[in-house]
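Listed features, source TrEMBL:
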{"type": "DOMAIN", "residues": "183-286", "note": "domain 'Mitochondrial adapter protein MCP1 transmembrane'"}
{"type": "REGION", "residues": "21-47", "note": "region 'Disordered'"}
{"type": "TRANSMEM", "residues": "77-97", "note": "transmembrane segment"}
{"type": "TRANSMEM", "residues": "117-138", "note": "transmembrane segment"}
{"type": "TRANSMEM", "residues": "167-191", "note": "transmembrane segment"}
{"type": "TRANSMEM", "residues": "220-242", "note": "transmembrane segment"}
{"type": "TRANSMEM", "residues": "263-282", "note": "transmembrane segment"}
Amino acid sequence: MEGADPYSIETQAELLGLRNIDPIPLPDSRPASTSVPANDRHAPRPALPSSSSFLGLRGTGRSSVWYLTQLQRYSSYAFSGFAALHITNTSIIPLVTRSVADSESYLLLTRPYYQSMLLEPVLITLPITTHVLAGLALRIHRRNQNLRRYGAGELTSSKRFEDKVKVWPAVSWSSLNGYILTPMVLGHALVNRTLPWVYEGGSSGVGLGYVSHGFAKHPFIAWTGYAALIGVGVAHFIWGVARWQKWTPVGVDRKARRRRWTINGITALVSAIWMAGGLGVVGRGGKSDGWVGKGHDNLYSKIPLLKL
């Protein structure tokens with residue numbers, strides 16, 4: 001090593017016993033999924049699991065909340081077909097004809113379509129049952145989420161009440177209407193569908209004249225019951241549509257107030273139309289005479305808890 005430069009890299013490496021080796025590329029330590037071929041750089045990337053909220057309910061992918069919400073939503077759409085026929089038969093047609101007797105013929109034409117053995121469960125019974133049960137299941141699910149979120153699952157009901165721990169979610173306006181409406185709909189079905197089936201074998205004799213007879217014989221109960229049924233039912237329906245379409249007002253600003261006035265205005269208009277025909281015409285149709293009237297009296301006398 002005489003004459004060699006002591007400061008050169010080669011000399012220092014030889015003194016330390018180091019050797020020069022040819023460079024070898026190291027393997028790529030990154031996950032294979034992160035490397036994208038050049039010809040696939042513009043290909044669509046796989047979608048990540050969704051964590052977006054639906055009607056304020058958060059879930060990942062297709063959770064139970066998502067399925068329950070869809071059941072509640074589309075069951076209300078299925079029932080809308082019957083609701084359109086019902087308001088036509090009980091309000092719009094009587095408003096046009098101004099006669100209960102003349103309106104009966106139109107009711108008889110459409111009733112076989114939604115009171116048949118197949119369509120009645122599809123349009124009425126199954127959608128209403130699904131809608132109510134899905135709403136209750138969603139409420140219980142939110143309550144269980146709150147129990148886990150606030151660590152209150154180990155507390156007894158009395159302890160939660162004592163500590164004022166609120167685990168049940170707040171009830172919205174449309175949900176409150178739904179809870180009030182449910183027993184009203186059941187009572188309406190009892191008087192107009194169940195009792196005729198039990199005591200007469202069918203509801204062929206139940207029509208607008210049957211309703212008019214009830215108004216004439218028992219005015220206070222009939223007027224109060226039908227006015228409440230129409231008012232609460234229309235409010236639940238209109239606010240429900242606004243909720244599904246994401247039109248419900250949020251906040252107290254000018255836009256929210258305008259939406260609230262619009263929704264309430266539509267509710268009042270639809271309720272007024274329904275009451276004008278259902279109460280103003282059918283409700284003032286008078287009693288049925290002869291054996292028909294006696295049959296109506298017999299059915300009304302079978303209503304439980306009421307001595308009619």
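Any Cβ shown, glycine's included, is placed from N, Cα and C.
Ranking 117-138, 167-191, 220-242 by CB pairs under 8 A with the transmembrane segment (77-97) puts 117-138 at the top. Across the domain 'Mitochondrial adapter protein MCP1 transmembrane' (183-286), DSSP helix (H, G, I), strand (E, B) and coil residues number 83 helix, 0 strand, 21 coil.
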